[in-house]
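Taken verbatim from Swiss-Prot:
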- GLU114, ASP115, VAL116, ILE117, THR118, THR119, GLY120, GLY121, SER122: 5-phospho-alpha-D-ribose 1-diphosphate binding site (BINDING)
- THR118, ARG146: orotate binding site (BINDING)
Amino acid sequence: MSSPALLDVFTSTGALLNGHFKLTSGLHSNTYFQCAKVLQHPEHLAEICRHIADHFKKNNIDTVISPAIGGIVVGTEVGRQLGVKTIFAERKDGAMSLRRGFSIEPGEKILVIEDVITTGGSVAEVIEIVKSYGGEIVGVGTVVDRSNGKVTLADNQYSLLSLEVRSYEPADCPLCKDNIPLESPGSRASKNN
């Protein structure tokens, strides 16, 4: 799937939003990718995840792990297409952890999957969890990389759509200075209120 084709899918499903948004990272932006609006359609989910799975299929992956909540749907479908176990990390008391009986064995080959990367903070936390269990990171896959490749989390990193979308520190946000109402559409409260 080409970048223009994926952008068309985001646009046609109402998943590419323009306005003034507070991102999970605490940064502000005039563009928001609401992946859930694309991924709710099984045909889009399957096609998007097929491209990600195809990129990593020769890496002998044992397990796919995703950060909750945005990465769970993508991670589960990529894992299904690769025929491997899928798990997720979730926040407890503000920190990512494995719960629900999930575990990682030493030497287990792990692929980290996320829907959207801006700063890479959640994925970096998941990578640290994997390493703390002795797992081996074989790659990171995402649907959208808002940093246009500036955020590098693994040697083998793949994003279906990689583009630079402006993000601002709240104190430097021109949208705030123009008094444009701020929306917080993310899956959890942002880090910087």
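Numbers run from 1 along the shown chain.
Cβ atoms are placed via backbone N, Cα and C, with glycine included.
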- Note on the structure: Excluding GLU114, ASP115, VAL116, ILE117, THR118, THR119, GLY120, GLY121, SER122 themselves, the 5-phospho-alpha-D-ribose 1-diphosphate site's Cβ centre has within 8 Å the residues THR24, SER25, PRO67, VAL123, THR142, ARG146, VAL151
- Rounding to whole Å, the Cα atoms of GLY120 (5-phospho-alpha-D-ribose 1-diphosphate binding site) and ARG146 (orotate binding site) are apart by 10
- Task: State the Cα to Cα distance, in Å, between ARG146 (orotate binding site) and THR118 (5-phospho-alpha-D-ribose 1-diphosphate binding site), rounded to an integer.
- Result: 5
- Item | In three-state DSSP terms, the structure that GLU114 (5-phospho-alpha-D-ribose 1-diphosphate binding site) belongs to | strand
- Item | Other CB atoms within 10 A, centred on ARG146 (orotate binding site) | 27
- Message: Give me the count of other Cβ atoms within 10 A of the Cβ belonging to VAL116 (5-phospho-alpha-D-ribose 1-diphosphate binding site).
- Response: 23
